[in-house]
Amino acid sequence: MLILGLESSCDETGLALYDTQRGLLAHALHSQIAMHREYGGVVPELASRDHIRRALPLLEEVLEQAGVKLVDVDAIAFTQGPGLAGALLVGASVANGLALALGKPVIGIHHLEGHLLSPLLVDAPPPFPFVALLVSGGHTQLMRVTGVGEYETLGETLDDAAGEAFDKTAKLLGLGYPGGPEVSRLAEFGTPGAIVLPRPMLHSGDLDFSFSGLKTAVLTQVRKLGTNICEQDKADIARGFVDAAVDVLAAKSIAALKRTGLKRLVIAGGVGANRQLREALNHAAKRRGFAVHYPDLALCTDNGAMIALAGALRLERWPEQAEHSYAFTVKPRWDLSALAGD
Ligand code: ATP
Ligand code: MG
Ligand code: FE
């Protein structure tokens, strides 16, 4: 079965072709980051218009990469939510329009289910069950994943997401957007221990997170130094921030493994690309005897490949979820725990 996947929930247009026998055949992405930069954040109307411009050229690109024709596609998966309504509607319209023309079924995919399953897009995918740490721009959650559509939330952030904290820290330090990679890079030049920031909820006894206090601690440091702040100070603050965030993420992931009795941890979402987090988890895995799996670096942030995969796995398990009515809706707000096998 050949699935075309389409992601357009925010500021990335992603298309991909996934074959249930041969795996990922092609994926292509256009990021709107540069376009939104001058406004200091994503402008929804501009995002929608750009998805319209990019979708079909990217489709041509993946068809060519994969060496297949549009008529070879057996089903189309698109991101149905959560996300920006207008942006989601573009993906939904393109997916349903193509499917109608081809007479093929469509399936709407939850964006976070896509992230959650993205670590399976490797040559030797981790088997179920596992604990998943979903660390993206909008979410920080620990999940017990027992199968496709079987997700139990073990804990989540009570305020900011980890990615959001990276982005806000970057802004406070005068770095660019998205902040994650830049803060991570700058932290490499910081002196460990020079600035120690709080580890929110490290000892809360549950699997929840909080990152807004950490962001405030960064703000306090920046204010304290004022106009005297130098490059080394910034690097030390970045280092302090990354060490605190990574400590909490790693400790809670390990606690989730303990609580569930599982021996396998899977990381998903943009912050999963973070080098310091990967180092800490690899180290802990070796020491404590659990396995840790990551998505490909390029597939940590938003992409069409994870949507195509989620579509393929869902259609294999629940063929009746294939829609032929082409009367689509989008779900800008959509809780992952309301998903399951619905
Ligand atoms: P969501 O999926 O929750 O709706 P999103 O789609 O915006 O949010 P992703 O695309 O998964 O989130 O990830 C983007 C986030 O990942 C940004 O906050 C970005 O700063 C962060 N990020 C990306 N690379 C890194 C990195 N190397 N280190 C830390 N954070 C990173
Ligand atoms: Mg994005
Ligand atoms: Fe995302």
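We number each residue from 1, going along the chain as drawn.
Cβ atoms here come from the backbone N, Cα and C positions, even for glycine.
Matching Asp159, Asp167 to the substrate binding residues that TrEMBL gives (Leu134, Val135, Ser136, Gly137, Gly138, Gly180, Asn274) identifies Asp167. Within Asp296, Asp302, the residue that TrEMBL lists together with His111, His115 for binding Fe cation is Asp302.
Listed binding-site residues: His111, Val135, Gly138, Gly180, Asn274, Asp302. Those with a CB atom under 6 Å from ligand 2: Asp302. Checking the binding-site residues Ser136, Asp167, Gly180, Asp302 against ligand 3, the ones with a C-beta less than 6 Å from an atom of that molecule are Ser136, Asp302. DSSP assigns Asn274 (substrate binding site) to coil in the three-state reduction, outside any helix or strand. Secondary structure from DSSP puts Val135 (substrate binding site) in a beta strand. Report note: the Fe cation site is defined by His111, His115, Asp302, and the residues of the same chain whose CB lies within 8 Å of the CB centroid of those residues, excluding them, are Glu7, Ser9, Thr79, Leu112, Gly114, Ser118, Ser136, Gly269, Thr301, Asn303, Met306, Ile307.
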